[in-house]
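Feature list (source: Swiss-Prot):
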type: BINDING; residues: F27, N129, F329; note: substrate binding site
type: ACT_SITE; residues: D80; note: active site, nucleophile
type: DOMAIN; residues: 155-303; note: domain 'TRUD'
Amino acid sequence: MIEFDNLTYLHGKPQGTGLLKANPEDFVVVEDLGFEPDGEGEHILVRILKNGCNTRFVADALAKFLKIHAREVSFAGQKDKHAVTEQWLCARVPGKEMPDLSAFQLEGCQVLEYARHKRKLRLGALKGNAFTLVLREVSNRDDVEQRLIDICVKGVPNYFGAQRFGIGGSNLQGALRWAQTNTPVRDRNKRSFWLSAARSALFNQIVAERLKKADVNQVVDGDALQLAGRGSWFVATTEELAELQRRVNDKELMITAALPGSGEWGTQREALAFEQAAVAAETELQALLVREKVEAARRAMLLYPQQFSWNWWDDVTVEIRFWLPAGSFATSVVRELINTTGDYAHIAE
């Protein structure tokens, strides 16, 4: 299995270095649900601003304030403790009376707004996230500037970030032990983290191998192509390659890579043979995913940050702004820009 730091770069290995997250204010995340609160219902959506506290900690504190069970407070995604983040929590509080959430006090946390909503906010139920990052002590400004321009045009690999695999790769190591011993794992959280790490690592490996080709965006027979911004996909045939290539070049279609698991992967012929060969050595992880009935899926191979802009504060400090769809990692963007340093270089989302 390729180590995350050794995965293939789309724009070549960065020449410069920089400090990511010198302080929490250098990493700002604003959650985008993609919808507004209903204004009625048995749930309350609460938009919070937090700094220095993780999502679960705030959710538990909110439950205590509302005198409800912790399981009655949900969220669409975890946000990093070591960052300034805006996100929505959802509390189930039936009844017509609206609690005064402006009285909720927690160090490092502020309630920005709240409103009634009809449905529970479930994990993953968000459109995306807007990021504002500040990279400090940047070396080789010219190389970084050119990479910023290239990312606007060509995007970045849609790798799962190192944080998906746990501190020191602990989640992936857990998955490997599980696969090798077949010992039942009772802890539901561990099961989820380990299976997710296994599938994500296989996806990363397939993408890394594809990036070694001369033209990563060259459609091949049997590729599974996804409509940009959509989850649906279809299989490319030889008769359609020229037209499909035009649509990929126009970013209307995206080439996908497999999230291996049980069932068919989605590609056929040449593309399927390539994907299978890319992870042929990882028989234990593949067998684990099939055994645990994790359904195979597809994910876009490349990621095009939206609303992408940057501003150099001085020769060694640059602020970068962009929006990513849910499930994508800001660190996969930064990875193509600089070699990061700092205690939290890999801990982003």
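Keep in mind that glycine also has a Cβ here, set from the backbone N, Cα and C atoms.
Comparing Cα positions, the residue listed as 'active site, nucleophile' lies closest to F27 out of the binding-site residues F27, N129, F329. Shown are the binding-site residues F27, F329; of these, the residue with the fewest other Cβ atoms within 10 Å is F329.
All chains included, 20 other C-beta atoms sit within 10 angstroms of the C-beta of the residue listed as 'active site, nucleophile'. The average pLDDT computed over the domain 'TRUD' (155-303) stands at 93. The 10 Å shell around the Cβ of N129 (substrate binding site) contains 25 further Cβ atoms across the protein chains shown. In the three-state DSSP reading, F27 (substrate binding site) counts as strand.
Residue counts for the domain 'TRUD' (155-303) under DSSP, helix first, then strand, then coil, are 73 helix, 24 strand, 52 coil.
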